[in-house]
Structures are given as structure tokens and as C-alpha cells.
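Chemist: What follows is a single structure, and I will ask about it in a moment.
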Amino acid sequence: MSGEDEQQEQTIAEDLVVTKYKMGGDIANRVLRSLVEASSSGVSVLSLCEKGDAMIMEETGKIFKKEKEMKKGIAFPTSISVNNCVCHFSPLKSDQDYILKEGDLVKIDLGVHVDGFIANVAHTFVIGVAQGSQVTGRKADVIKAAHLCAEAALRLVKPGNQNTQVTEAWNKVAHSFNCTPIEGMLSHQLKQHVIDGEKTIIQNPTDQQKKDHEKAEFEVHEVYAVDVLVSSGEGKAKDAGQRTTIYKRDPSKQYGLKMKTSRAFFSEVERRFDAMPFTLRAFEDEKKARMGVVECAKHELLQPFNVLYEKEGEFVAQFKFTVLLMPNGPMRITSGPFEPDLYKSEMEVQDAELKALLQSSASRKTQKKKKKKASKTAENATSGETLEENGAGD
């Protein structure tokens, strides 16, 4: 099957492909909102991750029912990373759970695919902000910085622009809030069945990464998952020894697995997930999955998504959206329920050029979106408001 796919790559030049992306985006947005609503003090992260994944499977099960062969479901397992945890925290039943508490800064990250067309989204918020009160201090700084980085990217990721322009804007926005983008993190181009396409945008690269990172120009009919991670600290993410639970198959690697458990595990991975990221939680026998993954990862048949941490006491905020580069402007298909008025920072973007960029109209795109998709008028309206408020407030 994959041979044919490679010859005939389907892009958003086809209406049906756009429809599949938008259906995945709608589901991702709905699941995200329902998880944000369910997040409160005393709630377990494991239970929320399970709820998110179950909801993605349930919702994708309701569409394209007649197409029995079509694969659809989770494109990135629900991960909920709190405070200084940067990303990929998605515990197994056998791992230590985390219970949310008042004041926690929470990042929810998930992805949905319909026929291999991927819609990723991530959102940050704070637990238990009372009606009429505001989040202040470093949490507010880092959330505002990350959100404005995402808004800048929405205006910069368009045909003719370079990936380096986005990287530079992110550094400037983050620094104006005395924050730092997480070093070396990548946003990827998306293609059918491919979550890590070749064109990327790098955050806060080291000198070496700057040299090595491919410069690229955005082109019409491309799709990107734009992923912003900003820290109140130095922006260095480290593996703190937490068990990795999310992996994806690397189709370019081959190896003859020796252990029976590993072989059984790997063939289930191929059958159920193809090259999409998956969680070990999705296996009926978690213990066997934990054993089977070891040999597969050791020989690089599977790539790990390690759980990363910033220094204790710092905060990391994340916003991720998926954008289709349509001929009439970028179309954002995923976003979270961001409420700018909840976050009060003493700092703001000073750079005149950036200010102008952030205030530049995203409503033109919204209008074009409205023509494209009447069904999402409500969401366009909300994203439109956020953009206008941003323009006015910053």
C-alpha cells in the first residue's frame, strides 16, 4: 500500500484531503476542550490521558464508516505535562500518576488523523483560576509569551516566507517576556501518514544547530504542525529518567528481532499504528508491551518521545496548531480555548515590527476560512476574537 502512496502523494490541492484535515481538526479541538473542562484540582493525569485517547477513537469511529479500509484515530497520544515538565508525559497504569492541583500550569497535547491526514493541537492553561481573578507573575509571562509566539507564527508561516523568520520572531517575543523558547525543539511539515516531514522550524537553536538546520521556504499546499514551547527559565529540556511511554515506528529502519515478545509487540505496532506515534497504554497487556518495546527501541525500529523537564520551579507553556497553506491564505484547523484576559503580565512585546505583525489582521484569513467552511463559523469567531484582542492588548 505504501508504495502506491509514495508515487501519488495526496495534498490539500484536493478538496477531499482538506475535508479530512478539517474533520480531524474538529475532533482534536473538541477533545481538547472537553479535557480542559475536565481538568480541575484532584483529577488524575492518567485518567485524563485515557479519556482523551478514548474520545479520539470514539469520534474518529463515527466518520467515513463505509470506508472499512481507511485508517483513522490517534496521531499523537494525549499527553499532559505540568509546570516544569516540558512534554510527552502520558503515564501507564503501572507508572506513578500525577494529581492536578490548584495553580498548576497544564499543557495538553494530542493529535488526530483521518486517513493519515494529521491534525495536532496543544494548549496551556492554569488550574482553578477563580471567576474574576487573573493569573500573574511568571506563569502569566510564559503563557502570554508562548501564545504570542503562536500568533506570530500564524502570520509568518505562509508561502514565500522562510523558516528562519519564524525562529527569529519566537526569540524576540519570548525575550520580551523575559522567557526563552525551549532549545532545539522542532515544528514539522505534515504529510499523509507522516508526522515528522522534512521541512522544519527550529526553536532557539544552539550555534551548532543553526549551522546544521536546513533553511526552507514555505510553499502553497503544504501543511505544518506549528509547535511553540516557551520556558520561564533557561529553555534547556532534559531527560530526568521518567519512563518513556510514547514511541513511533521508523519505517526506514529494519532489524530481525530475536525475542518472541518483541516480535509479537512489533507486529501489533505495525498493524495498529503504522508510522503514527502510539502509547504503550494502548496495549492490552501493558507488561508485555513494556518488555517488547526494549529490543525494538534499542535497534531503532521505534523512536522514543522522551519525557523532558526544565529546572524545578520554572514553568513551560506550549501552544501547537495545525495550519494548511491554502492559495488564499493560511487556514488554522486546530486551536485551544485561549482566554487572553485571564493572564496579566507586566511585560509586553516592545519590538515595533513584531507589534505591527501581531496587530496585522488575521481576520482576513478568518473571512476566507468562513467561505471555506461555514460549519466552523463558531470556532472562527472565537479565534477571530482572540486575534483582535491580541492586537488591541499587545
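Cβ from N, Cα, C; glycine included.
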Chemist: For the region 'Necessary for nucleolar localization' entry in Swiss-Prot, name the matching range from 2-48, 96-142, 143-189.
Modeler: 2-48
Chemist: Of all the modified residues given, SER335, SER361, which has the fewest Cβ neighbours within 10 Å once its own Cβ is left out?
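Modeler: Counting other Cβ atoms within 10 Å of each of the modified residues SER335, SER361, the minimum falls on SER361.
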Chemist: Which whole-number value in Å describes the distance between the Cα atoms of LYS298 (SUMO2 cross-link) and SER361 (phosphoserine)?
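Modeler: Between the Cα atoms of LYS298 (SUMO2 cross-link) and SER361 (phosphoserine), the distance comes to 49 Å.
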